[in-house]
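Enquirer: Summarising the annotation, TrEMBL assigns active site, acyl-thioester intermediate to B:C87. As annotated by TrEMBL, active site, proton acceptor applies to B:H374, B:C404. Taken from TrEMBL, the feature domain 'Thiolase N-terminal' applies to B:3-273. Annotated domain 'Thiolase C-terminal' per TrEMBL: B:280-410, in sequence order.
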Amino acid sequence: RRAQFRKFGCFCVNFSRTHVNYEVKEDVAVIRINDPNSKVNTLSAQMESELTQVMNEIWANDAVKSAVLISTKPSCFIAGADINMIQACKSAEEVTKLSQEGQMMFDRIEKSPKPIVAAINGSCLGGGLEFAIACQYRVATKSKKTVLGTPEVMLGLLPGAGGTQRLPKLVGLPSALDMMLTGRNIRADKAKKMGLVHQLVDPLGPGLKSPEERTIEYLEEVAIGFAKGILSKKIPLTKEKSLMQSELQDYVMGIEFVRKQIYNTVNKRVMKQTKGLYPAPLKIIESVQTGIEQGPEAGYLFESQNFGKLAMTSESNALIGLYHGQVACKKNHFGTPQKEVKTLAILGAGLMGAGIAQVTIDKGIRTVLKDTTEEGLNRGQQQIYKGLDDKTKKKSITSFERDNTLSNLIAQLDYQNFDKVDMVIEAVFEDLHIKHQVLKEVEAVIAPDCIFATNTSALPIKDIAAASKRPDKVIGMHYFSPVDKMQLLEIITTDKTSKDTTASAVAVGLKQGKVIIVVGDGPGFYTTRCLAPMLAEAVRVLQEGVDPKKLDSLTTGFGFPVGTATLADEVGIDVAAHVAEDLGKAFGTRFGGGNVEMLKAMVEKGFKGRKSGVGCYLYKEGTKNKEVNPGFQEILGSFKMTPSAAVSSDADVQYRLVSRFVNEAVLCLQEGILSSPVEGDVGAVFGLGFPPCLGGPFRFVDTFGADKLVQKMKRYEEVYGNHFTPCQLLLDHAKDSSKKFHK
Amino acid sequence: INIVLVEGVRTPFLLSGTIYNDFMAHDLARAALLGLLNKTSLPKDAVDYIVYGTVIQEVKTSNVAREAALGAGISEKIPAHTVTMACISANQAITTAVGLIAAGQCDVVVAGGVETMSDMPIRHSRKMRKTMLTLNKAKTLSQRLTLLSKIRLGYLTPELPALTEFSTNETMGHSADRLTAAFGVSRREQDEFAFRSHSLAKKAQDAGLLSDVLSVNVPGKGIVSKDNGIRPSSMEQLEKLKPVFIKPHGTITPASSSFLTDGASAVLLMSEEKALAMGYKPKAYLRDFVFVSQDPKDQLLLGPSYATPEVLEKSGITLDDIDVFEFHEGQILANLKAMDSDWFAQTCMGRKSKVGVLPIEKLNLWGGSLSLGHPFGATGARLVTAAVNRLKKEGGQYALVAACAAGGQVVFDL
């Protein structure tokens, strides 16, 4: 009779809860979470309150001896706290209160008399990870979608629900700091090695149900087994510490002096990397330190208070804005294209062409890479192989996946089978005549519905399309080098480009994993056009006698990841000269400042930047320390200009560079090249390295104040003229402080 | 042309590292070949062709069929070749033979398979091999010394032949455990099946039904005439075993997976006309076969599920018509569940409805790969011979043989 009771003893409890439910299987409570309104689970107010209710019931229920916490979503455990909930807070105190509520909830979880097993499949990030590490045991699937991490730092925050306190205890001080300071995702197998999870479960293939469904079910079965095993003491809760290494590490970490050294070293490294522009990493270190050195009470207090303070910083606001922007720019706002691109052809196997091919073939798209010479084609293929092989060496893909991916690449010198291609992206030399010639050649062989995309950084698309028989199929796709690393894709449409063509280009870009902004046509479009005046200003600054290294430190000190002189070398001095000249012609004296002739003189001497080994700097293989190129200094000597003391302080030089960039960006919005400030911010940060802590040119104007910026520009305008004339939209914002680009 | 099976034999299947310890693969193959010739009194010059299947190849005898044939005293004028297709290598050898006869190339073909896991080719590391090969080309002493000085301790780590899928880097056992989980095959079901396999094998062995097993004289060790892996135990004992591949929560134990086995098998195939002309009484007709293949990661061992309906449809008979089933016991339970699932049929096989329930009372009644052992290259021919002998003994008409292998799979219809 008792056995029978047990058999039917599975009773489901479901009142009016929508996000969290539980079922008791024998004596194990299986808590299932699922936010019905979203693709991912977040620790929203609703979720937290239901979780609290459920936990209280479980703790009160004598029939329950242990619990399993699992998400029913196929690729998400809990993706983190609800950002909107934090953003809705008006003061640091409010956010601190949120943090303390989270801390208290997880404290109760940690002290639960009934063991709780977190069964993790999919993303387990931020608050989700903090929840999981408060549980007594963690089982994760080995799926590629299962990632664990604390990405708070990337939003200018710290892990505010006990993460800074629990993580060091779990994985050791160095690993914990590394996780929290980089915010990187950790795959399941690595998490197991680190001691972040106890057990791994393999994802299953198709059986009697869909793989996703059955994998979650299997994970639940296994987790229940562990929950029972913990109760019966068959499964130990202590970490396996068989490795000498970890025992040694524990010993070393027990020495206060050693810990101090670590805090110092990490602090220094953070300061070096962030130039002190990002408060979150420092607070993370401090919070960990407080907990370890002064005890948990002080640690938790520090964590919650600083979580609140950080949430109110402009840096966090900027980073969260970028996060939202990035999400928005990963959607196709132009609908589903009529025809899916299954075969893509790329013309030109140079750095760009090969890079585009590399990010295409691994998405299962057949890719034809065409060049005119065998050497060029071979170089491109080698680049692609190396790119994939590096991933193999890092074990992010297997050698089999590498080979399988490469099977999508077809390298050729002629136009064979171009009639079967759905889209062509040309990445040939930036010369209008050559582009016209290629366009005509290609249109003669492709099918009528094939799209022709041109990868150019400055040539107006309508000029290129002028040679086309079907301008509605012509579009610009501006990739950034190196293509496999840079996230941005700038898509440029002309008046004649059809909506379907745009939809198709965006679809391809999204498949390639890009963050996409779609902008109007014009010389330099958006990104190049913003960069050009800043580079012109940088050239002037150099001509005025500022050392390239000084220029670099001024710009990185402002938050640019790469100094402007180094950036010019990376872009290529010849490209910079080309662009400066073209845009100078198009926009007139406003784009003046530095002398283009100086760039040309550099090119003549062969100082083309990194690719030629010399530019502003000398590049030697094997060394990271680069010296200023003496030949460049000689050229600088003959182009010397006299600086004006009134506008040449370090800060003024910084604002001269940045204000020209920002003004041009605002002008792009004013002229309709940009359709929204969000795209402007995303494009500037992801494509040009505009300081992420400022959130992009538009966020910068909002935070810094348009009036203050205009004041500065007026001062520079007095010295340099129209290079610094603020545009109308900027003036409008300066006049009315209630006008903001971001709400 | 009707193709007939005249006779099938095999050496006893022994646990690796036991009595066949000093044999090389071709020794085992030779024993099976000689045994077949002796049992059928077939003149050594009457064979037209020899095909053998094997998986892990001994580099010295890469065409193991030829070395075995020469060693067995078969005329050097008779060609032989070796095929490989993981666990269905012998099936591939048999179908190759069927093809040769059907095409009118040959009348009499011996097909078989061999595997020894007692001696495996263990190689130097790639780096070491490269150094050694370059060393061959070095002309001066100083060149040689330079090369030798580059050898690092790590170079000396040997490479063992892998039982992993090359494409997915997953071991067979690991894949199998995931498969059982995907189909919800419980630990209990697997233990019960292992128990059944061993009990049936023991019964068949005691009753003398395993008439295909030869007596082999092993130099210095004596005569072997019985399989030595059959170990009937109790369910209680089986329940105590720990999982071997996925720890601690996997469900496959040493009992529910095949042990490493040495052994060889051989069958004599002829055109019906030739067999009758030579005065043989054929045991069975080989009617039809198919090979299928699937995703090597998640469906590695599901070949029988896909192939069974296909070969039945091809031959115009149904599951009910089959009297004898001989299936390789690699994840057979998952296959049985797959064939009985509408979801699987519709989602994975593109069929309207499930294949059906395989009658377990007709399946592997004389034991199978779990109890008799599984020398990879040789199992296919054992399955066919067992099916034929059971047909004769049980008086049935049709037999179906199926096996799964890395990537591919085969079914015969006898």
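Including glycine, each Cβ sits where the backbone N, Cα and C put it.
TrEMBL entries are annotated by machine, without manual review.
Each of the listed features needs to be described in terms of its position in the shown structure.
Expert: Other Cβ atoms within 10 Å of the Cβ of B:C87 (active site, acyl-thioester intermediate) number 31 in total over all chains.
According to DSSP, B:H374 (active site, proton acceptor) is assigned to coil rather than to any helix or strand.
All chains included, 32 other C-beta atoms sit within 10 angstroms of the C-beta of B:C404 (active site, proton acceptor).
Here the domain 'Thiolase C-terminal' (B:280-410) returns a mean pLDDT of 90 for the predicted model.
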Enquirer: How big is the Cα-to-Cα gap, in Å, between B:H374 (active site, proton acceptor) and B:C87 (active site, acyl-thioester intermediate)?
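Expert: Cα of B:H374 (active site, proton acceptor) to Cα of B:C87 (active site, acyl-thioester intermediate) measures 9 Å after rounding.
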Enquirer: State the Cα to Cα distance, in Å, between B:C404 (active site, proton acceptor) and B:C87 (active site, acyl-thioester intermediate), rounded to an integer.
Expert: 7
Enquirer: Tell me the Cβ neighbour count for B:H374 (active site, proton acceptor), meaning other Cβ atoms within 10 Å of its Cβ, over all protein chains shown.
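Expert: There are 26 of them.
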